[in-house]
Amino acid sequence: KKKKKKKKKKKKSLDFLITNNPIHCNRPKAYFTDAWQVFDFCIVTLSLLDLYVLRSINFHATTLRAFRVFRIFRAFRTFRLLHKFEFLRLLLDLVLESIAEVAWLTVILLIFMFMFATLGMSLFGTSISRLDNPRGKWKFDTLFSAMMSVFILITGDAWDSMLYDAVDATGRGAIIYFIVVICFGTYIVMNLFMAVLISHLRVDNTQEKFLLEDCVTYAKELRMQKHSNGDSLTKSECLMRLVMKLERVEYLMKHRQNQREGKHSRDKSKLEGISFGIFTPTNAFRRKVHALVTHRAFDICVDLIILLNCGFLAADEPKTDKYNRQLFFIADIIFTTIFATEMLLKIIALGCFPQNFCGKRKWKKVSDDEAMARWTWKAHEVIMRLTPIRDVFSSQGPMLAIEAIESNDGYQLVHAVGMGEQNYRILFKDSEFVTAYLWCDIDKGVWREWNKLTTGDKKGDDNKNGASGNINGNINGNINGNSNDNSNDDENNNGNEHGDEQTDKLRDVCTSFDMSDYHHNAYLESNWNRLDASVVCIAVIGVGFPQISFLKSLRAFRPFRIMVRIDQIKVVIGALMRAIPAILTTMLFCILFWFVLAILGMGWWSDKFNTCIVPDTNANANANANATASIDPSIALTWDKQTCLTNHLEWRSSTYNFDNVFQSLHTLFIISSRSNWNDIMYQAIESSGKGRAPRADHHPLAALYFIIVMILCSFFSLNLIVSVLVDNFNRIKAEKDGSAFQTEAQREWVKNHSLLRRIALKPNATPPKQKLRKLCFMLVEHSKFEPVVVILLLFNALTMACQHYQQSHQWEQVLSTFDAVFVVLFAIEALIKIIAHGFR
C-alpha cells in the first residue's frame with residue numbers, strides 16, 4: 001500500500017508574501033477564486049441572457065418575462081466601490097461577518113410572524129375584511145395577508161388603526177393580542193438587530209483588520225520596484241522594507257493618541273506667529289491685547305452681551321411695529337459691532353491663521369517608502385554614534401524612522417523610535433546631522449535637546465572623555481565627532497538676531513507634538529473659534545444687507561455662541577463632532593444599498609402608481625366643472641387612464657412613487673421611517689400596469705420587496721448608523737477614562753470621590769440618651785419596621801387604584817377613609833423617625 005503524504009499548509013509569513021506573490025507565480029490566478037469576479041460573472045451572464053435570449057421570447061405568453069428584472073441587478077456592481085475606501089471596506093467586512101447572525105434573526109422573525117399570523121387568523125379571520133368602513137387594507141383572511149399584517153404591527157405603523165378595526169370586529173379582547181405582538185416584536189426582536197451590529201462593530205481595528213491585505217498589496221509593489229541602476233529589489237530588501245512598514249503602522253496607531261493628548265496639553269497662552277504681518281510675539285501692543293482677551297472678566301462681559309443679544313432676538317417678533325423694528329435694527333448693529341470688535345482683538349492677540357503663508361521655509365511630509373528606509377539607516381547610524389557602548393545593546397537597539405519631513409531650504413527632521421521605546425527627533429541639514437532631541441516626558445510631551453558624545457569605543461574611555469549631556473547646547477553645533485574646521489568662523493559671524501529667530505523656529509518644529517511649524521494657538525486653528533467667526537461674519541453681512549431675509553434669519557444661530565463657551569457643552573459637542581465623520585461615512589455606505597433598491601423599485605413600479613383623481617371644482621372653473629363634480633371619487637379610482645381623461649378628470653401620480661431615482665429614494669426614506677409605509681406597499685400590490693386602474697390583490701408578492709426594504713433600510717441601515725455612533729462614543733469614553741461628557745476637572749473629582757467612597761467606613765448609629773427618643777430609635781431600627789412601612793405603601797397604592805369612573809357615593813367615602821388612615825400612619829412614621837434621629 002502506498003503511504004498517503006500529508007499536505008502541509010504554508011504559513012502566511014512575511015517571506016511567503018514576498019516569494020509567493022501572484023505576479024511572479026508560474027500560473028496565473030484563477031478567475032473564479034475571487035468572490036467579486038464570481039459576482040461579476042453572474043451579473044454579466046444574466047445581462048447577456050436578457051439582451052440576446054429573452055428578447056426573442058413572447059413575454060406575454062410565458063413566465064420567463066419575470067427574468068427581465070435581473071438586468072436591474074447590474075446596479076449591485078456599485079458595491080465594488082467599497083474596496084476603494086478603508087472605512088467603507090471595514091463596514092462591508094463587518095456586515096459580512098454579521099450576515100449569519102442577521103440571517104438567524106430573520107428566521108426568528110419569520111417564525112414569530114408565522115405564530116402570531118396563525119393566531120390572528122383564528123381570532124379575527126374574515127371579520128376585519130367584512131367591516132363596512134375599515135381604516136386600512138390589512139386583513140387576516142390568508143396566511144400571507146396575516147403575516148403581512150403582523151409585520152406591519154411589528155414596525156409600529158398604523159397599529160392603532162388596526163387595533164380599532166379588530167376591536168370593532170371582535171371586541172375588546174383583541175387588545176391583548178396587539179399588546180403582546182408589539183411588546184415582543186417591536187421592543188425585543190427588532191432591537192436584537194442593533195445588538196448584533198454593536199457586538200460586531202469595532203471601528204478602531206480598521207488597520208489591524210486589513211493589515212494582511214495591505215501587506216499583500218505592498219508586497220506586489222515592492223516586487224515591481226527597481227533601483228536607480230535598473231536592478232530589482234532583492235528578497236532581503238523587500239523583507240526588510242515590509243517589516244519596517246508593519247512596525248511603522250503599528251507604532252503610528254499607538255502614537256496618534258499621544259499626539260491628541262499633546263495638542264490638548266500644550267501651552268494655550270503662548271504667543272505664536274506674526275499677527276497681521278506686523279505684530280510679533282514681542283510687540284507691546286499685542287501683549288496688552290493678549291492680556292485683555294485672556295482675562296476672565298473679558299469672557300464674562302462677552303457672555304453677558306451674548307445673553308442680552310439673545311433677549312433682543314426673542315423680543316423681535318414678526319408683528320413688531322415699524323418704530324420698534326428700527327430700535328431692534330439699531331440694537332442689532334450695536335451687538336454686531338461689539339462681536340466684530342471682540343473677534344478683531346482676538347485675531348490681533350492670537351494671530352489669524354495657523355500657517356504662516358509669508359514664511360520662506362515650507363515643510364513637506366516624506367511619504368516615499370524608499371526615502372523612509374534611507375532615513376531609518378541614517379537615524380540608526382546617528383543614535384549609535386551618540387550612544388555609549390554600554391547602552392547600545394542594553395537600551396537602544398536598531399532605530400526605525402516613523403515620520404519624516406523636509407523643508408525647501410535643505411532641513412530634514414526624522415522621528416525615530418528604538419527597541420527600548422525611546423523616541424528621538426533628529427535634525428539634518430542637507431543629510432548631515434545637526435542635533436537630536438529626546439522625548440523626556442511622555443505624559444506632557446516634553447522634548448529636550450540630547451547631545452551625548454563619545455570619542456572612544458572602550459568602556460574605560462567613558463570616564464576620560466565623558467558622555468556630556470548638553471541639554472542646552474547650540475542647535476547649530478557640530479557634534480559629528482570630528483574637530484571643527486574653519487567654517488565655524490563664518491557661522492559665528494552670522495550669529496545675529498535673524499539667526500536666533502531661525503534657530504527658535506527650528507527648535508519649535510523639532511519639539512512640537514506633530515512635527516509642524518503651525519501656530520496651534522492661532523484664532524482660526526480652533527474649531528470653536530471658526531464657528532464663532534462664522535456666526536459673526538454672517539451677522540456683519542446681515543447688517544450690511546438688511547433686505548436679504550435669509551441672512552436675517554441666520555441670527556438664530558447667535559445663541560450657539562454661548563453654548564460653545566461652557567466646558568461641559570463643549571465636551572458633548574466635541575464628542576459628537578468626532579463621531580460625525582464615521583456617521584457620514586456609514587451613511588454613504590447605506591446610500592449604496594438604498595440606491596440599488598431605488599433602481600429596483602423604478603424597474604418594477606415606474607409610472608404605475610397613477611390613479612384617476614377628481615379635480616377641485618374651485619380651482620378648475622371651466623365648462624366641465626359641473627360634470628366632474630357629480631362623479632364619485634371612489635368610482636373614479638376604478639377607471640383606467642383613457643376613461644379618466646375622457647371624463648375630463650386628472651390622471652395623477654401618487655405623492656410617493658418610483659417614477660425616477662430621486663422619487664424612489666424619497667419613497668424608500670418614508671418606508672424606512674415607518675410612517676404609513678403600508679399604504680405604499682398596498683399601492684404596489686394593487687398596481688396593474690401603466691395606464692391601468694389598480695386592482696385589489698393583483699401582485700401580492702410585491703410585498704416581499706417592501707419587507708426586504710424595511711429590513712435593509714430600517715432595521716439594518718439605520719441601526720448601523722446608531723451602532724457606529726454608539727461605538728464612537730464608547731471609544732471616546734475609553735480615551736477619557738470612562739466618560740465622554742466630563743471636563744478634566746470633573747473626571748479628576750469623580751476618580752477621587754470613587755476612591756474615597758471605596759475606603760470610607762460607615763459608623764454605627766449611637767442611640768440617644770433620652771428615654772422617649774431611645775424608645776423611638778429602637779422602634780425605627782427594628783428589622784421589621786421597614787417591611788411594615790412597605791406593606792402599608794402597597795395597600796395605599798391598591799386603594800388609590802380602586803378609584804373608577806361613576807363610582808358610588810358609599811365607595812367614595814370608603815376610599816376617603818382609607819386615604820385619611822394612610823396619611824395619619826405615614827405622618828406618625830415621619831414623626832417617630834424625626835424623634836429618633838433628630839432634624840440634622
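Backbone N, Cα and C define each Cβ position, glycine as well.
According to TrEMBL, the compositional bias 'Basic and acidic residues' annotation covers 454-464. Taken from TrEMBL, the feature compositional bias 'Low complexity' covers 465-486. According to TrEMBL, the domain 'Ion transport' annotation covers 27-201, 295-358, 520-736, 784-839. According to TrEMBL, the feature region 'Disordered' maps to 454-503. Here TrEMBL flags 35-54, 102-126, 138-155, 175-198, 297-315, 327-353, 571-600, 702-726, 788-806, 818-836 as transmembrane segment.
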Stretch contact, the transmembrane segment (102-126) with the transmembrane segment (175-198), Cβ-Cβ under 8 Å, 3+ pairs: yes
Residues from the same chain, set at least six apart from the ends of the transmembrane segment (702-726), whose C-beta lies under 8 A from its own: 91, 95, 102, 106, 144, 148, 151, 155, 190, 193-194, 197-198, 201, 203, 579, 582-583, 586-587, 589-590, 593-594, 597, 600-601, 604, 668-669, 671-674, 677, 680-681, 684-685, 687
The domain 'Ion transport' (295-358) - residue tally per DSSP class, helix then strand then coil: 49 helix, 0 strand, 15 coil
Residue numbers, six or more beyond the limits of the transmembrane segment (788-806), whose CB comes under 8 Å of its CB atoms: 815, 818-819, 822, 825-826, 829
Contact set, same chain, for the transmembrane segment (175-198): CB under 8 Å, 6 or more residues outside the stretch: 94, 98, 101-102, 105, 108-109, 112, 116, 119-120, 123, 150, 153-156, 159, 162-163, 166-167, 715-716, 719-720, 722-723, 726-727
Long-range neighbours of the transmembrane segment (327-353), counting only residues six or more past its ends (CB under 8 A): 271-276, 279, 285-286, 289-290, 292-294, 302, 305, 308-309, 312, 315-316, 320, 519, 521-524, 529, 532-533, 536, 539-540, 542-543, 546, 555
Local confidence of the prediction over the domain 'Ion transport' (27-201), expressed as mean pLDDT: 75
